[in-house]
Amino acid sequence: MSYQGGTFDVIVIGAGHAGVEAGLAAARMGANTLMLTLNLDAVAFMPCNPSVGGPAKGIVVREIDALGGEMGRNIDKTHIQMRMLNTGKGPAVRALRAQADKFRYQQEMKRTIEEQENLLLRQGMVDRLIIEDGECRGVITNTGAQYRAKAVVVTTGTYLRGKIILGELSYESGPNNMQPSIKLSDHLKELGFDLVRFKTGTPPRVHGNTIDYKKTEIQPGDDKPRAFSYETTKFITDQLPCWLTYTSENTHQIISANLGRSPMYSGMIEGTGPRYCPSIEDKIVRFSDKPRHQIFLEPEGRDTSEVYVQGLSTSLPEDVQLSMLKTIPGLEEVRMMRPGYAIEYDAIVPTQLWPTLETKKISGLFTAGQINGTSGYEEAAGQGIMAGINAAQKAFGKEGVILDRSEAYIGVLIDDLVTKGTNEPYRLLTSRAEFRLILRHDNADLRLTEKGYELGLISEERYSRFKAKQEAIEQEKQRISALVVKPSDEVNQLLERLGSRSMTEALKATAVLKRPEMTYDHFLKIIPRPDVELDDEVYEQVEIQVKYEGYIEKQWQQIERLKKMEQKRIPEDLDYDAIQGIATEARQKLKQVRPLSVGQASRVSGVNPADISILLVYLEQGRLAKTSS
């Protein structure tokens, strides 16, 4: 028996990392929002690694925060350890990574959602969507509740027709033995969506009290207080270490001897797994020349003894898992608390989406997270906030918001998905971004806070602080550009200590700062200090902008050229069959993706420069024909 459950502006299906960002963004923009989840005890659940951030991913978390999202704030309040990675490399690849207290992370996020105005969190399983005249107008749950809305965001993670595989055992399930969503997957097929089958996996968890840590290497957090969120002022100083160990020759022998029992090699697993997070059995086969592989032992929280065995993702039978664990130094007497497993799930082919993450087939229907073929909490959250923003914009009758590839890693991620698609769970890497020196960890606020403020996601107080920081950066750059450093014993002694060549003549202060060895702390010892003491973030920005000025300027020139191509718009209903001379493969791909600009068309796989030249001529002819008529 069905009944009317209520009417909303936006409905979000799922409360994982994509869902919570989507729901919070829509509600904060003023949309009356309903968030439905299979289990209220699994809001923002971390079914795999208990961590947030890392290369590229950490920058996404900063971008989410700069837009007004929650992931950064939440991990700042609930982490057990934080480290800045790649500190010995340039600023383009530096990234923050935090070990999460996964249980506190969930609790804190759930509390935030429950206290958010305009947002109702409810437990419920969505079986069908309400479609009227090609538009999504709500959802129907398995209890018969009908909820109406102007826009719906689907963020179902790995629950769509989820199947856990552990050795010879397999059964329908979401992650961690939670209830899967079967009917919604079937319904999406009925609606004509192309689905693919992907797979991911997780390692065993072991009892921390049974680890011999003396045989491992300690991995402490950074002494310097760090944070993902630009709003964080209180820092956690009581950190817990992680530990490093390695597989052994015996580990590899046990795995090799049991490959016949591995679902990956027996044919039980049909889904495509993530290239950049292979299972341990896959590593042993693909990298047979390596005598050992790194294993990180990561605590899952402050109030549990469970330890996550990072690097040992597996779907081998339980008895094999226990045997191979005991061959790893430090784990000889270990007790396994949960076995690792593989999980298969349905995802949609993401080229069926516009860059707003709205589906091309059904207006008002958005998808975000692992349903779009990505892997990782951060990639999911980045899509989630954009889908939530655009669902709210749709509900309000406003234009969608698209981040381009020069604005954010989130823009790179979404553009890759909707333009190129993916044949495997997509992981964001710094190498996927053309403009890495622009898309840095340290400047996410300078890139995106203005946009977050315009959307109503950034408070007046935070925006005022941001504008003050912007102004301080410009003033300090102007101040030092007028200074000259003269050679002296004091100056040359400092340069000698830093391993930098001594000065024989006066130099512009900016030329001295550009030296690789010169940090701003040292720089302030040889120039007058500013009248007002500035924040470390201001000094950091000035140093990076001055040091890498030439490289940054080159990237901006590239961006300007790209923008010219992005500004050449393509009508959504363009008839590609009417364009003579385009290669058959290019025509098929362009009809499938339906790019919105010539820039996007140039990134579609199978489309070459000759095809783009023909497309440009055709569009120009059409424009001239319209003008003359």
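A Cβ is built for glycine as well, from the same backbone N, Cα and C atoms used for every other residue.
Quantities reported herein were computed from a predicted structural model and do not represent experimental measurements.
Pulled from Swiss-Prot, these are the features on record:
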type	residues	note
BINDING	GLY14, ALA15, GLY16, HIS17, ALA18, GLY19, VAL126, SER181, GLN370	FAD binding site
BINDING	273-287	NAD(+) binding site
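Features as recorded by Swiss-Prot, highlighted on the structure.
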residue: GLY16; record: FAD binding site; CB count, 10 Å: 29
residue: ALA18; record: FAD binding site; CB count, 10 Å: 34
residue: VAL126; record: FAD binding site; CB count, 10 Å: 25
residue: ARG275; record: NAD(+) binding site; CB count, 10 Å: 13
residue: CYS277; record: NAD(+) binding site; CB count, 10 Å: 18
residue: SER279; record: NAD(+) binding site; CB count, 10 Å: 27
residue: LYS283; record: NAD(+) binding site; CB count, 10 Å: 19
residue: VAL285; record: NAD(+) binding site; CB count, 10 Å: 16
residue: PHE287; record: NAD(+) binding site; CB count, 10 Å: 10
residue: GLN370; record: FAD binding site; CB count, 10 Å: 30
Cα-nearest neighbour of GLN370 (FAD binding site) within the listed binding-site residues, GLY273, CYS277, SER279, GLU281, LYS283: GLY273
Secondary structure of GLY16 (FAD binding site) (DSSP, helix/strand/coil): coil
Listed binding-site residues (GLY14, GLY273), ranked by Cβ neighbours within 10 Å, top entry: GLY14
Rounded to the nearest Å - Cα separation of GLU281 (NAD(+) binding site) and VAL126 (FAD binding site): 36
FAD site span - longest C-alpha distance across GLY14, ALA15, GLY16, HIS17, ALA18, GLY19, VAL126, SER181, GLN370, in Å: 18
Proximal residue to GLY16 (FAD binding site) among binding-site residues ARG275, CYS277, SER279, VAL285, PHE287 (C-alpha distance): CYS277
Count of other CB atoms lying within 10 Å of the CB belonging to GLU281 (NAD(+) binding site): 25
SER279 (NAD(+) binding site) versus GLY14 (FAD binding site) - Cα distance in angstrom: 27
Conformational class of GLU281 (NAD(+) binding site) under the three-state DSSP mapping: helix
Where VAL126 (FAD binding site) falls in three-state DSSP terms: strand
C-alpha spacing of ALA18 (FAD binding site) relative to SER279 (NAD(+) binding site), in angstrom: 25
